[in-house]
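J.: First the structure, which I've put down as structure tokens, then a few questions once you've had a look.
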Amino acid sequence: MKFELDTTDGKARRGRLIFDRGVIETPAFMPVGTYGTVKGMTPDEVKATGAQVCLGNTFHLMLRPGTEIIKQHGGLHKFMNWDFPILTDSGGFQVFSLGAMRKITEEGVLFSSPVNGEKIMMTPESSMQVQRDLGSDIVMIFDECTPYPATEKEAKDSMELSLRWAKRSKEGHGDNPSALFGIIQGGMYPELRAQSQAGLEEIGFDGYALGGLSVGEPKNEMINILDHCAYKMPADKPRYLMGVGKPEDLVESVRRGIDMFDCVMPTRNARNGHLFITTGVVKIRNAVHKTDTGPLDPECDCHTCGNYSRAYLHHLDKCNEILGARLNTIHNLRYYQRVMEGLRNAISAGKLDEFVQDFYARRGQDVPELADITN
């Protein structure tokens, strides 16, 4: 992987990640394909929304169908017929989401498979091996996702364990030519985040991610961590904010220097009739849309908006038709990509402030202030 930084506008950055399989223009949003599929979408449909990369979930793919069958296909790209880059998460977040079904030790995490109850030990080494078997282009280290809320001691202990696992992940990654990203932890404590980042930089990674956000904390706490941490992340490496989020969160994070995002929100919300448009949100199952012959978003160039009315989408939702979820997903993913395209173009033109003002004005919202934190 090669990372090129073209230009900046304030703290916002415009660049690209270059792989043998393709280029990812940044800032980038990555749709989530948990089980090797973006729910309800073919790979060509995902590409048509403007996506240049997608996510696979190490934890879920390890359990079903298992890495052996994926290896027999020649890796995840061929298994799912996706020839653009793939990022795989380490499985850490999913393991820690199991709660009482798992036990954390220095070695790793022992958990009961939610599929068949089998006891499985997941370690930094095994996570690296699974991701090597999947053949992903970007591999994430195995870390502990610090829960929220957490005391400073709990966050410190968790962060230090993640650092020890980061070193083992780097060693386990070995001669794998794929890019390896470190994950900054430390809960809602900027000092712990700084210690985590320093430790990760000492080990050395191809990119750096902020983990442990969007885990239930109030938005102001997430923004505070971004204010204190994003601009300090290595300038010559891609910066990835994991699991975030709403369109407004993407804009605010880009303003603070983040390059990469992933979130299930556009796809999950689409299946629940919650659709993102230029002026905010449309809840398509509400009765007001029953007789609306207009498009979902007149400014959107997606297949859904170009061919179907709000009334039709409302009808499909009410009848629980699979096509409704598919058309909604096409639109939401395209909307997210349009936001990212707008951000990229604005940064390139030195007009990010104008883009941000227009983005919020169309929603009837004020532009949030940027904190002046530079040390």
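Including glycine, each Cβ sits where the backbone N, Cα and C put it.
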J.: From 37-41, 77-81, 267-271, 302-306, which range did Swiss-Prot mark with region 'RNA binding'?
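T.: Going through 37-41, 77-81, 267-271, 302-306 one by one, Swiss-Prot flags 267-271 as region 'RNA binding'.
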J.: D89, S90, G91, G92, F93, D143, G212 show up in Swiss-Prot as binding substrate; which entry in Q72, Q185, Q195 does that record put in the same site?
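T.: Among the candidates, Swiss-Prot records only Q185 at this substrate site.
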J.: Do you know which of H274, H289, H315, H331 Swiss-Prot groups with C300, C302, C305 in the Zn(2+) site?
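T.: When Swiss-Prot describes the Zn(2+) site, the candidate it includes is H331.
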J.: What whole-number Å value do you get for the CA-CA distance of Q185 (substrate binding site) and C302 (Zn(2+) binding site)?
T.: 37
J.: Taking the Cβ of F93 (substrate binding site) as the reference point, list residues of the same chain whose Cβ is under 8 angstroms away and which are at least six residues distant in sequence.
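T.: Spatial neighbours, sequence-distant, of F93 (substrate binding site): F59, C145, G211, M242, G243.
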J.: From the Cα of G92 (substrate binding site) across to the Cα of C300 (Zn(2+) binding site), what is the distance in angstrom?
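T.: Rounded to a whole number, the Cα-Cα distance is 36 Å.
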J.: At a C-beta cut-off of under 8 Å, are there same-chain residues at least 6 beyond the region 'RNA binding' (243-249) that contact it? List them, or none.
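T.: Long-range Cβ neighbours of the region 'RNA binding' (243-249): 93, 211, 213-215, 219, 222, 261-263, 265, 276, 335-336, 339, 360, 365.
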J.: So, in DSSP terms, is G92 (substrate binding site) helix, strand, or coil?
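T.: Looking at the DSSP assignment, G92 (substrate binding site) belongs to a helix.
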J.: Measure from the Cα of G92 (substrate binding site) to the Cα of every one of the recorded positions D262, C302, C305, H331, then give the nearest.
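T.: It is D262, whose Cα lies nearest.
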